[in-house]
Amino acid sequence: MSHSHPTNASPSELHLTGIPGLQHLHHWISIPFCIMYLVTLAGNSTLLCVIKADPSLHLPMFLLLSMLAVIDLVMSTSITPKMLGIFWFHSTAISLDACLTQMYFAHAFSVMESGVLVAMAFDRYVAICNPLRYLSILTNPVVAAIGLAALLRAVVFMSPLTFQIHRLPLCRPAVVHHSYCEHVAVLKLACGDAAFSNTYSLSISTYVVSFDSLLIGLSYALILRAVFRLSSPQACKKAFSTCSSHLCVMALFYIPGLLSMYMERYHQELPPHIQVLLADLYLLIPPAFNPLIYGIRTKQIRDGARRVISQRRSMAG
């Protein structure tokens, strides 16, 4: 009779279960997930094409928006195709290297997204509260430095997590009770001492969400204070509508991710599918909504899209 024992050699292949307890609903769950992914691909790709094609959009705000679009495309693509493969074809197997790569991209790019959201909030603060110095403060080199800083922070924060899991022996059976290689779910397979990884990942997640959301909240509070003091009621209403929609999308990014991590550790009595769905949605909803909130609702983007379309039509004619 064979028994499953921990071994010192990590398995070369893992198996993702999808959404635990809801496997019988995978086909139905795949429909909104697939729609969100298609919206992400179409919305962010269109946004990038419009910004690239229209020189009037080569401004700091839209360069940051381009960074956000690229991050959303990579972050969503790192998990959704495999997730849909599980839902549609029961393709649960994933190699250990592919799993660690997926984990690294999903978590590193979510940290990058958080950094770019902070930069975008600062951009709006400078544009509204100090408009005369906007282009002198946010020059192209400064925007490039902000993007590089967001990338470096993500690499510095996330590399130790992936390196540590790579070093830990994983137990058999190598079944990850999740729809993608989420760090905490993979860490549960560890046979060795995973205390460092647990503490480090919880500390980094708490720091990123708390620090970045504090900066974003402070920026928008200063924006609203400036608008309410100086502008007409119509301008106040427009600013409040814009800020509230931005903050709602940011809340959908920060709150489910942090909740899923804390629930995974401290609320074991809750159904596991709740934690998995929260972890899925915080990586799927913002990439689908960001181009709608930051793009379509922005007048310059709509005008730029019309100019690009008219130019293409005139060239075709």
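Glycine is treated like the rest: Cβ placed from N, Cα and C.
Taken from TrEMBL, the feature transmembrane segment covers 28-50, 62-84, 104-122, 134-156, 207-228, 240-262, 274-296. Annotation comment: TrEMBL describes 43-294 as domain 'G-protein coupled receptors family 1 profile'.
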Of the listed stretches 28-50, 62-84, 104-122, 134-156, 240-262, the one with the highest count of C-beta pairs below 8 angstroms to the transmembrane segment (274-296) is 240-262
In the same chain, residues at least 6 away from the ends of the transmembrane segment (207-228) whose Cβ sits under 8 Å of its Cβ atoms read 111, 114-115, 117-118, 121-122, 124-125, 128-129, 157, 235-236, 239-240, 243, 246-247, 250, 254, 257-258
Under 8 Å Cβ-Cβ from the transmembrane segment (134-156), and at least six residues away from its ends along the same chain, one finds 59-60, 63-64, 67, 108-109, 111-112, 115-116, 119, 123, 126-127
